[in-house]
Ligand code: PBG
């Protein structure tokens, strides 16, 4: 009897054969590493829900940056934790705000590192919302003005890329116009175009001290149940002049990453968020999973889904592990 079937295993016969036919790869250049800079002195505080991630004050930034460079990371995403917060998030767009100060420092000492500035208000507002609040409402258009001020002051400080994450409608239009008017026509906008209202941001809110003090973010961030809405969000950001499109979170939304990759021709960035990181860390610490293998599998899964770039807290480890395996 002659059996008819395909012999897929021919291409899996050895490590070299598997390498020969491997379709996707991870490189150090793929990663953007988030950094939390906190106002104050001599702070290097581990985020309890994110082992291995620290809030650092300016006096620890030199050492932190040296470590980042030694690992081969090329891009960082800056978040600031100010000493004081107010209704309108004034420290977000202050010339001497913590992100502006950190940006100037990194640009001077590590000029080749790409600085992506997260442009949002929630770490800076007393109420923890990403925009201007009136009663229980988050106002769209007044928030845009503050976001533009934030973006321009970040660009002035030397940020290479502006990454608005606050999910107000029209933020790309407003920020693009503001940057151009201030002479920053060459500074790209990496839009958090497709950002879901996700429980996976929990640990970040501890890291960035930006949890909403009332209500939630569901009137501005997207409903996890929706797919077509992601097309509408990405479409409008492309039309408004975005240079990169972020999909966030990563793991539970890889179908959306593929959709965005297939339908738009901008670089696609996936944000592998804090809750995804915390789950892997917790399981690894319990000895329930192999951290290295799990992280590398997750990250290659993101590239396979269509991500060109990955924002991830695992960046240092991932690059070290990739080098080990070379
Ligand atoms: C600020 C912002 C958040 C994250 C990135 N930028 C929190 C939020 O929207 O509530 C989450 C990142 C993470 O969980 O790692 N708007």
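A Cβ is built for glycine as well, from the same backbone N, Cα and C atoms used for every other residue.
A quick note: this is a predicted structure, and the numbers were derived from the prediction, not measured.
Here TrEMBL flags 195 (among others) as active site, schiff-base intermediate with substrate. Under the DSSP three-state reduction, residue 195 (active site, schiff-base intermediate with substrate) is assigned to strand.
The C-beta environment of residue 248 (active site, schiff-base intermediate with substrate), restricted to residues of the same chain at least 6 apart in sequence and closer than 8 Å, consists of 192, 194, 195, 196, 198, 270, 271, 273. Per TrEMBL, the feature active site, schiff-base intermediate with substrate maps to 248 (among others).
Secondary structure at residue 122 (Zn(2+) binding site), taken from DSSP and collapsed to helix, strand or coil, is coil. Non-local contacts of residue 122 (Zn(2+) binding site) by the CB criterion (under 8 A, 6+ apart in sequence, same chain) comprise 89, 128, 129, 130, 166, 208, 210, 212. Here TrEMBL flags 120, 122, 130 as Zn(2+) binding site.
In three-state terms derived from DSSP, residue 217 (5-aminolevulinate 1 binding site) belongs to neither a helical nor a strand segment and is classed as coil. Per TrEMBL, the feature 5-aminolevulinate 1 binding site maps to 205, 217.
For 233, the entry in TrEMBL reads Mg(2+) binding site. Under DSSP, residue 233 (Mg(2+) binding site) is assigned to a helix (H, G or I) in the three-state scheme. Every protein chain shown contributes to the tally, and the Cβ of residue 233 (Mg(2+) binding site) ends up with 23 other Cβ atoms within 10 Å.
As annotated by TrEMBL, 5-aminolevulinate 2 binding site applies to 274, 313. Other Cβ atoms within 10 Å of the Cβ of residue 313 (5-aminolevulinate 2 binding site) number 26 in total over all chains.
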Find the one among the binding-site residues 120, 205, 217, 233 whose C-alpha lies closest to that of residue 313 (5-aminolevulinate 2 binding site). 205
Taking all protein chains shown into account, the Cβ-based neighbour count within 10 Å for residue 274 (5-aminolevulinate 2 binding site) is 25
Candidates near ligand 1 among the recorded positions 233, 248, 313, judged by a Cβ under 6 angstroms: none
Give the distance between the Cα atoms of residue 217 (5-aminolevulinate 1 binding site) and residue 274 (5-aminolevulinate 2 binding site), rounded to the nearest whole Å. 17
Those binding-site residues from 120, 233, 274 that fall inside 10 A of residue 205 (5-aminolevulinate 1 binding site) by CA distance are 274
Among all chains shown, work out which of the recorded positions 195, 205, 217 has the most CB atoms within 10 A of its CB. 195
